[in-house]
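First up is the structure itself, then whatever we jot down about it.
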Amino acid sequence: TKREIKMRKLDSTKVRPLKSEQLLHIEDHDFALRPGFGGSPIPVGIDVQVESIDSISEVDMDFTMTLYLRHYWKDERLSFRSNKNKSMTFDGRLIKKIWVPDVFFVHSKRSFIHDTTVENIMLRVYPDGNVLFSLRITVSAMCFMDFSRFPLDTQNCSLELESYAYNEDDLMLYWKHGNKSLSTDEHISLSQFFIEEFSASSGLAFYSSTGWYNRLFINFALRRHIFFFVLQSYFPAMLMVMLSWVSFWIDRRAVPARVSLGITTVLTMSTIMTGVSASMPQVSYIKAVDVYLWISFLFVFLSVIEYAAVNYLTTIEERKQLKKRGKASGMYSMDAVQAMAFDGCFHDTDVDMDLSPFPDPCEENETGTSQTNISDADTPRLRRKRSLKGNVGRIILQNNHVIDTYSRIIFPSVYIVFNFFYWGLYM
């Protein structure tokens, strides 16, 4: 209607003025000085909307966050006449011509304003001189992390905002809407962390050369998801410890089987520990995962030491038995299993060994075997194989050492107690 067209013309904010009739008389003022220079400090309200937490780095001890940072203040030098009290919106080109707060991020490592397709800057000026200044920023800042409970830890990080040049005598930073000044996107999520809470707080920072400054804090707590580390570290360590217990059920005279099993589990535990340490910062204190892995490594190592003790005591015991069963000729008779444990050579039947000069029994056995007929040698071997098939369990029990018997009970019991104590302490 004609009336609406007339009212639209009366509102000067809807009509592009001539150069001599600009609404913002920027050239008439010195914007190098803050508003109200020489008087009370200018209040600058802040509110933040967190768009995303992009990454958390334990190695670098930092986090990366993308957010919308909005400033609110009043500059009467930017006031203009408007019949409908409408605001004017500008992009980043006007920022270089007027005064804006010099807020920076304390302890930041890297930060930038997004510039696709143009700089993500918005300036909105109201007729009474109130100003809204909004930026879209990605910032990487330090987070002082404590890994003493890793990976069962909760990290508390904060992003701190402060004026760089203006102390509390010139500029007063405050949260525009109190605790409601900090808002977050509902879909924020991280792969290794659960975000427990976001909160806003404020305080003062003192510098000996320039004085006191207002500082705002964006606080958030991160609780680590443990399931990944259970699959990658804890569960493999448990399996390696249990696998080392298998050697307690193997015949004590099967030296290659028990030694190779012990060395394999020790090397696997070393690999697990190296993999965990490679993804962590080189801190000077012990982490919770280090306690678990080192105790598990100790159990695996002790299983190897246990067999060393069993083998040594077995050798001493059999030597004593050989001396008791000695004959006048100086020859000692022993069964095939004992002979194999003593000299490492395979024997089909009972053998006589001369222990005084310690000859090479393997060479003698090979010489005797070569002189016999092949058919005669196969007969006792086949009989021995048939007898072993039905008596494997009895032979293992007869050849069991008392240390193995106790180890089968002590090792699992102590490890179960350790797990209950560990998870009860750190969870």
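Even glycines carry a Cβ here, placed using N, Cα and C.
Keep in mind that what you see is a predicted model, and the values were worked out from it rather than measured.
Residue ranges 61-80, 121-140, 141-160, 261-280 are listed, and TrEMBL annotates 261-280 among them as transmembrane segment. The list of residues near the transmembrane segment (261-280) in space but at least 6 beyond its ends in sequence, with Cβ under 8 angstroms from a Cβ of it, reads 58-59, 147, 150, 232-233, 236-237, 240-241, 243-244, 246-247, 250, 287, 289, 293-294, 296-297, 300-301, 303-304, 307. Secondary structure by DSSP for the domain 'Neurotransmitter-gated ion-channel transmembrane' (234-324): 77 helix, 0 strand, 14 coil.
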